[in-house]
């Protein structure tokens, strides 16, 4: 490395500081001089001999000839050592390997696969909404009863001439004649139609905090003032949602309804036009999104790609967020980097300040994430768990370090679990490598001179965790939150937890169980064992959302690598999904996210395995639970 001090030639020069050059060479390559750039056919013999072309040297194509055979968007260049390399202007990347049409086709196929996966993403509440509405409509159909009404009941007629019934005992109304039995149809996911009989007169009052109301068309609905949500389902009646859907999913669905019904999340009348070029989507989107007021970004999105005809009825905006998320989270821009845990979850790059405009870009990225949530689109990006917790203003814990740096987390846990008296020489400070310069940072005032002891080690572990995850990127994250909160109010996003927020931003992808099974290792089990057969049978019976929850439970994220499960990464490099025989049959399965491993006890029946695995996935890392 060569470091030069820049000196001013006169008082008017504005340039100052250091110029750092990295010089490298290939020691195995022969040294070349300027004459080597001549084509072999132009080489001449030494003095005194007749000039002729050298027959022993093959003809080398010129850069122009080489570029003619390259795929579209590629260019051949030569570095200062005369070595050819290739520039892909489509993705703005370089490679030493000469591209072929097959290489380009493979890249295009991979991008198209990602696009299809991205477009197929959704949220749990979207799957059952239509069936639930259909059931509610059927439940409204009643017929007149016979005999006197029960005590405290009265029949009235609406403005449209439709009879309804008032229960003065509970101060509620209903379309259903209390003299007749109401037949409630309940449809559960993956189950057959079940008909149950429930006398309306025996339902009793609504639960505390609930209210019955009528729509403008006279349809009954129910308001839960406890969660500020509404539903067509009578809370006094048996419900397939309550019976078959886990608590975390009921909470997530209700949170989504509440979240999207708030005035701040309602679209503003008008249209928001954004025009971008596919090849410059990051720069164009930055200019378009940042020039508009937050209120204008809440209007209906109308995305247009330069040089392409088409109206945006949803497809163009999905394509826009898909392409943009691939660009703005690319570590090439030094704004984000891949975590130490794997190569596909992202964290803020603490050294993003190398770009003088980095804070403006983080405000832009915050706006884009908020924009995608507001317009119910998904980003093809997944972050470490602690990033989602920071968005929700949740406290960072020592356990969060595991998904950032597993080795450092083990060191911290060793400090907590052992007596460090006269063993470790630590102070309340840490070293930070800033482009080759090591800077000592105090965790507390005068921390360099305060020793870590057995008595204060917990405080040290908490402070170093907070610094590693939050404090050293505090400036960047503050800019991100500033842009994010311009579209999504903090008090609204706080209704979710970190796992729900991951699904809200990234959605749920379709998971290929065959690919998952193909790239799974077993310890203590074989693929023919009953427990393993039951495990895959159980997974195949689950819907996409529950499979994603299992992925979150075992790997720390619901994201699937681009090339499938064969590229699954652990804390120390590639790590295949592993099922290990471990634990007693009375225990729940246990996950090790750093190693993509699940410890599965040798259960004696399929029903036991399903019950234990379901409880582990739904409750151990449940939505809305710590």
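The count begins at 1 with the first shown residue.
Yeah, the Cβs are placed from backbone N, Cα and C, and that goes for glycine too.
Caution: TrEMBL annotation is automatic and unverified by curators.
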Matching range for TrEMBL feature annotation, region 'Disordered', among 3-31, 90-118: 90-118
Count of other CB atoms lying within 10 Å of the CB belonging to residue 594 (active site, glycyl thioester intermediate): 20
Three-state secondary structure, which DSSP defines for residue 594 (active site, glycyl thioester intermediate): coil
Overall pLDDT for the domain 'WW' (68-101), taken as the rounded mean: 74
